[in-house]
């Protein structure tokens, strides 16, 4: 499995792999905008072995990404340098602004004990928050399976497939139909009775996948991050086209009639979606996984295609442009390379995707593959 990254890279959080003159891999200079999927470089451990990235976690700081290299080596990429550790028996939270010599919070874990699996930000008894208090408890009856943290809200998936949310609700990101905040976990009633398998949160929007592979989205849609028509995005694109002289005017229709026509269709645009809405990403297949950035979203289908939409100023949509989109679009790079995408993880302004060659995927799933 190979990992690729694209989007914001000012701090080197996308470990871009480049070929040197001798044909060897080397770390490239930090390119602020990586607009096309670039394969991540491997991490060399103390013994000189090159460890391939097997898992990625991203940070809301916009400056770092956490890579699991091999089976046990953690590598923090970003901040202009990389820091690695092979000690995975302890969870620590550090305040990098204060540069203290000890963590702000820590918890010892038994990695080899039965039932000790840690699914961050979930930890035994609660979860790690983005702000103080860093450790927050959860009601025991929820039996959390996974938890996604947005900029100022949280969405939790229970073992039974129910979805709960709490935190700031000013952009409809809680999915309760209102713009009010919730201090305690509250079930998303619109999804009640439909078991969900995954949840994801962006800066001010949320998403989840049903047991049948349907994708539901809600929250802020100013940049088209919900995949729904965005008035703000369309206006921004129109203004940009006018400034660059690329806008073509239709002289057959007077300007006042054009304005009237736009006003008549203004109600089709959605700025805030306070209830979960079903999003048809690709009519021919189901959704396997979803991830959200600050103002963009990415989803992988069961056929191995990657779709992205929302804000694309740093190339985080992977379409080799910095254009935003309020419609899900397939990232053609992987199809052109005959690769099947298995997983996707969004950072605040960047995206990471794991993929394998089509023939490898077919060999591993010979009974299911239809390629």
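Glycine too: its Cβ is placed from the backbone N, Cα and C atoms.
TrEMBL does not curate its annotations; it predicts them automatically.
Fair warning: this is a prediction, and the values are worked out from it, not measured in the lab.
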Query = According to TrEMBL, which of these ranges is region 'Disordered': 206-228, 229-251, 252-274, 275-297?
reply = 229-251
Remark   = Averaging pLDDT over all residues of the repeat 'RCC1' (161-212) gives 97
